[in-house]
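Undergrad: Following this message is one structure expressed as structure tokens.
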Amino acid sequence: MDHAADRHRTDLMTITRFVLNEQTKHPESRGDFSILLSHIVLGCKFVCTAVNKAGLAKLLGLAGETNVQGEDQKKLDVLSNEVFIKALVSSNRTCILVSEEDEEATFVRPANRGKYCVVFDPLDGSSNIDCGVSIGTIFGIYMIKDGHEPTLDDVLQPGMNMLAAGYCMYGSSCTLVLSTGSGVNGFTLDPSLGEFILTHPDIKIPKKGKIYSVNEGNAKNWDSPTSKYVQSCKYPADGSSPKSLRYIGSMVADVHRTLLYGGIFLYPGDKKSPNGKLRVLYEVFPMSFLMEQAGGQAFTGKQRALDLVPEKIHERSPIFLGSYDDVEEIKKLYAAEEQN
């Protein structure tokens, strides 16, 4: 490749250009959604820089506070949360923000208010910060139900009502994966340009994968269908090769690998945590939305994940998501359990 020539290319598909192209498909659009996405992208760039400098800037370690989930807050968590709140409010396109780090939803003051609700986890996998494992930001976007004064009901909607969802992974490269409801596309940050470039157009998850991803440390507390499924991954009844176990412990990294290579990601409910650990609004819904848009499935153990109607902003749910055929297998095990 001629890197010197590549440096001067201006025909690259940047995320801004991509979003504007999508906007032209909706003649009635006023550009509000594009402006909101540009502010989310800016927040991701800012957090990416902070993550890269974290060790040098002494941002690692605890901030001495705990968040609503009872988890110790990292300094980077606090910073990332502030970055996204400010970026979203300053877009003048949002009315309600729900963050994993804040106990209450943030209602934007009327002067800065728009028609979108954004749910987000500013820094998922933050327990991995100190050891350099990939971490990320997860987000989902809803529109308020109508022109009334915004209430919590505007965010307590089923995942299938989401307009867009995505995540930004801060790892060996900074990758932003986005769906606006018509497929999934991946963008990689070019540090020399400061731009996200389309590198993974129209991502489709393989129909069946060779990898399963689950925390087996919880195995003694699993229900029967989960135990049977993991057993079948290790010892297939048909004598075929077993699936490989890959588990990082950072949802963004585990789901990203599942999306690209196929397979299944599981965070089941168990005796200790019947509702699982992952939060519905800003973890389960965005990742399930992306999986379905890429041709996969997402299941809670009882129903399609995107059909869930949350009652609280920090509600949790079990989740099984990934390749269509792999999720279909665990759905059959739960169906058989129900019949017994």
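The chain as shown is numbered from 1 upward.
Backbone N, Cα and C atoms are what each Cβ position is placed from, and that goes for glycine too.
Straight from Swiss-Prot, here's the annotation block:
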- E71, E100: Mg(2+) 1 binding site (BINDING)
- E100, D121, L123: Mg(2+) 2 binding site (BINDING)
- D121, D124, E283: Mg(2+) 3 binding site (BINDING)
- D124, G125, S126, S127, N215, Y247, Y267, K277: substrate binding site (BINDING)
Undergrad: Which has the fewest other CB atoms in a 10 Å radius around its CB: E100, D121, the listed binding-site residues?
TA: E100
Undergrad: Tell me which of the binding-site residues E100, Y267, K277 ends up closest to L123 (Mg(2+) 2 binding site) in space, Cα to Cα.
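TA: When the Cα distances are compared, E100 comes out closest.
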Undergrad: Hey, which of the binding-site residues S126, N215 is the loneliest by Cβ count within 10 Å?
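TA: Fewest other Cβ atoms within 10 Å, among the binding-site residues S126, N215, is found for N215.
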Undergrad: Across all chains shown, how many C-beta atoms besides its own are within 10 angstroms of the C-beta of Y267 (substrate binding site)?
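TA: Other Cβ atoms found within 10 Å: 23.
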Undergrad: List only the single closest residue to E283 (Mg(2+) 3 binding site), chosen from the binding-site residues S126, S127, N215, Y247 by CA-CA distance.
TA: S126
Undergrad: Can you tell me which of the binding-site residues E100, S127, N215, Y247, Y267 is spatially closest to D121 (Mg(2+) 2 binding site)? Compare CA atoms only.
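TA: Going through E100, S127, N215, Y247, Y267 one by one, the closest to D121 (Mg(2+) 2 binding site) is E100.
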Undergrad: The record names D124, G125, S126, S127, N215, Y247, Y267, K277 as the residues that bind substrate; what is their largest Cα to Cα distance in Å?
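TA: Site span for substrate, by Cα atoms: 17 Å.
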Undergrad: Around Y247 (substrate binding site), which residues of its chain at least 6 apart sit with Cβ under 8 Å of its Cβ?
TA: S213, V214, N215, E216, D254
Undergrad: Measuring Cα to Cα, how far is E100 (Mg(2+) 1 binding site) from D124 (Mg(2+) 3 binding site) in Å?
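TA: E100 (Mg(2+) 1 binding site) to D124 (Mg(2+) 3 binding site), Cα-Cα distance: 9 Å.
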